[in-house]
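Enquirer: The structure is given below, and queries will be raised subsequently.
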């Protein structure tokens, strides 16, 4: 029994000692001090005497945005950077507006699962599992679809009119990695030879894609 108890305690320490679950709040609220120079996992709290209703308010979803870009979609984020009161609460949202035929290109959210609610229009949505299986569906106004945490996913407006969705995340700051931009617009850049072999295209094509995706100054 002594050896078993020792083994149990060692296993317990290894499992729970390496866990990094979000801690429970130790106060009612912790409004993010976005101007603080302190670096930490999240944001430090503002002085409670300086907080107010505007720290918990955002009007950015009230009107549709105009997706005047090459992909035909525009994301309006409502995360902790826009709503400081979200700090430590583990939730955020976004609104996505799509032109007819517009696409929210393949991307991932490394820190959150995403749930999408269609406000207007009809979209084809989907995600890829790590075994490379595509799970996709056409969704329309009033319907919901879920993208699991960390998996590559996309949306496309398949209608002839503008479309819009509201999304929710189980993170105050879910993060976004666009697959094309991550690979072809990295800084410093990924070697052309690496991308050429990975995508089975020649180096001149890699350079053309890099030029197209180069961030605008």
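Any Cβ shown, glycine's included, is placed from N, Cα and C.
As listed in TrEMBL for this protein:
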- 1-21: signal peptide (SIGNAL)
- 30-45: disulfide bond (DISULFID)
- 57-207: domain 'Cupin type-1' (DOMAIN)
- 104, 109, 114: oxalate binding site (BINDING)
- 107, 109, 114, 153: Mn(2+) binding site (BINDING)
Enquirer: Sequence order is fine: just name those recorded positions in 30, 45, 109 with a Cα within 10 angstroms of residue 153 (Mn(2+) binding site).
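Expert: Checking Cα-Cα distances against residue 153 (Mn(2+) binding site), the recorded positions within 10 Å turn out to be 109.
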Enquirer: Between the Cα atoms of residue 45 (disulfide bond) and residue 107 (Mn(2+) binding site), what distance do you get, rounded to the nearest Å?
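Expert: Roughly 31 Å, rounded to the nearest whole number.
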Enquirer: When you measure from the Cβ of residue 114 (oxalate binding site), which residues in the chain that are at least 6 apart have a Cβ under 8 Å away?
Expert: 146, 147, 153, 167, 168, 169, 174
Enquirer: Fewest other CB within 10 angstroms, which one of the binding-site residues 107, 109, 153?
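Expert: Comparing Cβ neighbour counts within 10 Å for the binding-site residues 107, 109, 153 gives 107.
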Enquirer: Sorry to bug you, but what's the C-alpha spacing from residue 30 (disulfide bond) to residue 104 (oxalate binding site), rounded to the closest Å?
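Expert: Cα-Cα distance, residue 104 (oxalate binding site) to residue 30 (disulfide bond): 33 Å.
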Enquirer: Could you round the CA separation between residue 109 (oxalate binding site) and residue 30 (disulfide bond) to a whole angstrom and send it over?
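Expert: Rounded to the nearest whole number, the Cα-Cα distance is 24 Å.
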Enquirer: Just name the most isolated of the disulfide-bonded residues 30, 45, going by other Cβ atoms within 10 Å of its Cβ.
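Expert: So among 30, 45, the disulfide-bonded residues given, the one with the fewest Cβ atoms within 10 Å is 45.
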Enquirer: How long is the line from the C-alpha of residue 30 (disulfide bond) to the C-alpha of residue 107 (Mn(2+) binding site), rounded to the nearest angstrom?
Expert: 30
Enquirer: Using the CB centroid of 104, 109, 114 as the oxalate site centre, which other residues of the same chain sit with their CB within 8 A?
Expert: 94, 107, 108, 116, 147, 153, 167, 169, 174, 176
